[in-house]
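Following: one structure in structure tokens, then a few remarks.
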Amino acid sequence: MNTPSKLLPLFFVLILFLFLSIPLLNTDFSLSTAIKIICRRTYKPSHGVATTSNQRDRNIDHSSSISRAISPNISECFPAVLPSNAITRTDCCPPKPSFSKLIDFKDFASPNATLRVRKPFHLLDEEYIAKFEKGIALMKALPDDDPRSFIQQAKVHCAYCNGAYHPYHPFQETQIDIHRSWFFFPFHRWYIYFFERILGNLIGDPDFALPFWNWDSIEAMKMPSCFTNPNSSLFHELRNQKHLPPHVIDLNYAVGNIDVPSHQQVLYNLATMYRQMVLASTTELFMGSPFRLGDNPRPGIGSVENAPHNTVHTWVGGADTPHHEDMGTFYTAARDPIFYGHHSNLDRMWTIWKTLGEGRREYSDQDWLDSEFFFYDENANFVRVKVRDCIDYKKLGYVYQDVDLAWLRTPPTSRKSKLLRQTKKAQVLSSKPRKLPLVLDSITSVIVKRPKKLRSREEKEEEEEVLVIEGIEFGSDKYVKFDVHVDDDEESLSNPDETEFVGSFVHLYHGHGHNISTSFKVGLSKVLENLEAEEDDDVLVTLVPRVGKGEVTLGNIKIEFIPR
């Protein structure tokens with residue numbers, strides 16, 4: 001029970017927040033959130049674990065800081081929020097942990113250690129593929145209640161992606177979802193790291209490294225053949241049978257897309273990779289928007305998470321299941337062994353992005369660095385990890401084999417004249433454009449004012465001009481995709497390998513019974529340079545619904561300048 005001596009300082013702290021935090025109150029960080037964080041410091045959370053108070057405080061004490069870092073209350077795992085007509089139960093909870101045996105991750109590779117080398121599937125020899133198959137088979141053969149088993153590893157992904165974990169009091173109503181925010185890359189890095197260690201332990205090879213499916217390389221833009229052998233542990237029935245080899249993958253896939261010739265699809269894929277990796281030059285554009293305690297848990301998706309992450313999931317997933325299970329929806333995605341090769345390559349994208357110049361770096365925000373997740377290791381130890389400890393992937397003991405990056409040499413180009421673009425923009429300006437907010441039920445063009453134009457080279461190096469679509473709202477169980485074009489022609493829209501096509505927003509089937517509100521951002525600085533539009537006062541933004549027509553409401557579209 002709190003005494004008056006404890007309540008008096010709390011009162012004064014509340015007063016200070018009222019007078020000193022006015023700038024914060026103009027953002028999503030509301031006064032009620034501030035009060036909750038103060039309460040979080042004042043009242044110790046109950047962990048729901050049968051340990052003594054000394055053990056509890058020593059092992060998992062969250063009461064000593066007013067940090068807004070995210071930490072799941074791992075002692076309480078709720079039924080997952082699944083799509084309607086889900087093909088499995090809502091139980092995504094791994095075995096309940098023993099907090100008395102919780103350990104903090106410290107198993108970093110020594111500076112002189114030989115690093116494991118993750119290799120692309122298409123360059124693996126038969127011996128290495130056999131080792132991978134054996135590891136997956138042994139993992140599938142473990143008892144279902146073993147936290148290292150294949151089904152339990154899949155449940156970990158479901159739990160963190162579908163709202164089974166919540167933060168501590170007083171934020172216990174928030175469902176943790178590691179997608180559509182700055183947690184996408186670090187969570188999955190840790191997830192496949194422990195999966196890799198479990199595989200290596202089961203086959204007796206601590207140097208085993210998880211291969212990657214490098215769908216970004218010309219020679220690997222099809223499903224690796226080792227996943228299509230019905231007699232292999234890598235085989236999975238719930239896949240789109242029309243997308244088996246030698247079908248070329250579509251990295252900007254939407255259900256209903258018309259197939260194009262293979263050589264054209266390769267060019268589209270290379271341009272997609274350039275757009276998502278090179279043009280997403282700021283931390284937020286690439287990694288996703290911040291999610292702290294008290295925030296909207298789905299603030300904004302990063303470029304690569306949107307595509308090719310979401311799009312590859314859908315492309316692989318079964319065409320005859322309600323929500324393209326297994327790969328096509330997060331609650332079942334990790335049940336398909338190809339998931340791990342897909343995410344190994346996504347982790348590789350993170351390592352490559354940092355090498356592309358323009359001051360690229362991860363977040364330095366303490367709330368991101370101090371956020372934590374929980375996993376089981378190869379010895380079934382219950383391990384707490386922090387985001388800060390996975391940033392240097394070499395300290396986790398692995399690197400990626402170098403392969404050619406043809407997409408670095410394949411930027412999108414424009415085939416339309418400047419005169420045509422200006423004419424189309426003038427036509428929209430002279431008409432009665434649709435007003436925001438709007439329901440995206442047809443191809444829609446809007447004019448967006450630019451706050452600045454003709455920026456100097458120094459200004460461009462300091463800030464990226466960014467198109468922001470905010471207040472994107474839709475039902476959580478909807479599959480949604482819309483494309484975004486800049487200074488384009490509605491009657492003759494540009495293809496994915498053309499400059500005017502600037503990106504796609506993609507949402508996979510997730511849960512049901514609630515609405516999602518999020519945002520989407522794309523970089524414009526290089527786009528406007530290439531379109532010779534830097535002197536323009538406005539940009540013409542054309543939105544093209546591909547999936548979920550009429551299911552999406554857009555709140556506002558604007559241009560911001562994000563520091564690099």
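A Cβ is built for glycine as well, from the same backbone N, Cα and C atoms used for every other residue.
Curation plays no part in TrEMBL annotations; they are all automatic predictions.
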Would you mind checking which of C39, C158, C161 shares a disulfide with C92 in TrEMBL? C158
Report, as numbers and ranges, which residues of the same chain sit near the domain 'Tyrosinase copper-binding' (336-347): CB under 8 Å and 6 or more residues beyond its ends. 118, 121, 136, 157, 185, 188-189, 191-192, 195, 210-216, 223-224, 227, 233-234, 236, 238-239, 304, 309, 312-313, 316, 326-327, 393
Cβ-Cβ under 8 Å from C92 (disulfide bond), same chain, 6 or more residues apart: which ones? C77, P79, A80, K155, C158, A159, N162, A164, Y331
Counting Cβ atoms within 10 Å across all protein chains shown, which of the disulfide-bonded residues C77, C93, C158 comes out on top? C158
Model confidence over the domain 'Tyrosinase copper-binding' (336-347), averaged pLDDT: 98
Restricting to the chain of H157 (Cu cation A binding site) and a gap of 6 or more, list residues whose Cβ falls under 8 Å of its Cβ, or answer none. Y191, F330, A333, A334, F339
Go through the recorded positions C93, H309, H313, H343 and tell me which ones have a CA within 10 A of the CA of H188 (Cu cation A binding site). H343
For the Cu cation B site (H309, H313, H343), what does the 8 A shell look like? I mean other same-chain residues with CB within 8 A of the CB centroid. H188, E305, P308, N310, V312, A333, F339, H342, L346
Compute the mean position of the Cβ atoms of H157, H179, H188, which form the recorded Cu cation A site, and then list in sequence order the other residues of that chain whose Cβ is within 8 Å of it. Y160, C161, I178, F184, F187, Y191, F330, A333, H343
